[in-house]
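Quick notes on the structure that follows.
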Amino acid sequence: MDQSLIQEILEIVEQAAIASATLSGKGLKDEADALAVDAMRKRMNQINMQGKIVIGEGERDEAPMLYIGEEVGTGNGPGVDFAVDPCEGTNLCAYSQRGSMAVLAASDRGGLFNAPDFYMKKLAAPPAAKGKVDIRKSATENIKILSECLGLAPDELTIVVMDRARHKDLIAEIRATGARIQPISDGDVQAAIACGFAGTGTHCLMGIGAAPEGVISAAAMRALGGHFQGQLVYDPAIAQTSEWADMTKEGNLQRLAEMGITDPDKVYEASELACGEHVVFAGSGITDGLLFNGVKFEADCTRTSSLVISNMNNTCSFTTTIHMKDGAQSIALN
């Protein structure tokens, strides 16, 4: 991948964010997601690359576009694998709540873990704690390590956890250490990445979320130098979700075996989930969030706020783009 391709990757998430944002606050989460998918795919297919969706909207028979295995791009140029979530936090977008964004991870061919549509236990932490905290340790132990690595008392730490019934015991354990809980309803990618930046007020992400988004988070944290680990969750009793009401632990283990995953309890490091030589993360806000603003529609332009993290040149770029309308008369600087 070269710098010109990274610019086009930025434009992919910008277009998806703009499309979704047209329905922000209108209670239409499926429609907002569909618009983002269409816009993302359209921009991808204009790029000179041999792109492939390795994590997308589902299996081929479940999703009409951006399905797993779909080829995107013109068919010329470099081979690029994509993990995409065109509208992460569809509920957040639908009800104009904070934290919805269009996101993707890109790498050279074979550089991203083909995560099954399962759940994943996740641990994200700042670079200072990389390799010191561990997902196999208790929350209490990890908070003690974080406190030492960051030079903060436990009661000065903020831990992000998704607001789910399955996290009741985890939340109680975290609070017992004195640390603060920041619950989120959806969209843990932005929370994971925020752990990699000082000054966000987010020090750690713990708990269980979707596995595909875990790969996207891992790509960002690998490029950023932060800590990320993931472990697949296959037991419905642990996932505690209505989506798995008809599934069994044994059936899920069989599904993983059929996918070639021989060690279902393996702990994956960021460098294993995003193992490519070149790894790029790109995200663009749909609604305002922790790292960047959402889409702003103005009389003469549309503004997007985005983040691109690349290990190719070890850069993080926060970008505000002004998309000018035809016949624009006056563009405000901010």
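Using N, Cα and C of the backbone, Cβ positions are placed for all residues, glycine too.
Residues or ranges marked as Mn(2+) 1 binding site by Swiss-Prot on the basis of similarity to another entry: Asp33, Glu57. Annotation source Swiss-Prot lists Mn(2+) 2 binding site at Asp85, Glu88, Glu213. Residues or ranges marked as substrate binding site by Swiss-Prot: Glu88, Gly89, Thr90, Tyr119, Arg164, Ala165, Arg166, Asp186, Gly187, Asp188.
For Arg164 (substrate binding site), the count of additional Cβ atoms within 10 Å of its Cβ stands at 18 [all protein chains shown]. Around Thr90 (substrate binding site), the same-chain residues six or more apart in sequence whose CB sits under 8 Å from its CB are Lys29, Asp30, Ala32, Asp33, Ser100, Asp186, listed in sequence order. Other than the site residues Asp85, Glu88, Glu213, same-chain residues with C-beta atoms no more than 8 angstroms from the centre of those residues' C-beta atoms, the Mn(2+) 2 site, are Gly89, Val103, Gly187, Val189, Ala210, Pro212, Ile216. Cβ neighbour count for Glu57 (Mn(2+) 1 binding site) (all protein chains, 10 Å cutoff from its Cβ): 23. Glu57 (Mn(2+) 1 binding site) has Asp85 nearby among the binding-site residues Asp85, Arg164, Gly187, Glu213, counting only those with a Cα within 10 angstroms of its own Cα. Under DSSP, Arg166 (substrate binding site) is assigned to a helix (H, G or I) in the three-state scheme. Neighbour list (Asp85 (Mn(2+) 2 binding site), Cβ cut-off 8 Å, at least 6 residues apart, same chain): Ala102, Val103, Leu104, Val189, Pro212, Glu213, Ile216.
Long-range Cβ contacts of Glu88 (Mn(2+) 2 binding site) within its own chain (separation 6+, distance under 8 Å): Ser100, Met101, Ala102, Val103, Gly187, Val189, Gln190, Glu213. Taking Cβ-Cβ distances under 8 Å and a sequence gap of 6 or more within the same chain, the neighbours of Arg166 (substrate binding site) are Gly207, Ile208, Ile238, Ala239, Gln240, Thr241.
Taken residue by residue with DSSP, Asp85 (Mn(2+) 2 binding site) is part of a strand. The local packing around Gly187 (substrate binding site), expressed as other Cβ atoms within 10 Å of its Cβ over all shown chains, amounts to 29. Around Asp33 (Mn(2+) 1 binding site), taking its Cβ as the centre, 22 other Cβ atoms fall within 10 Å, counting all chains.
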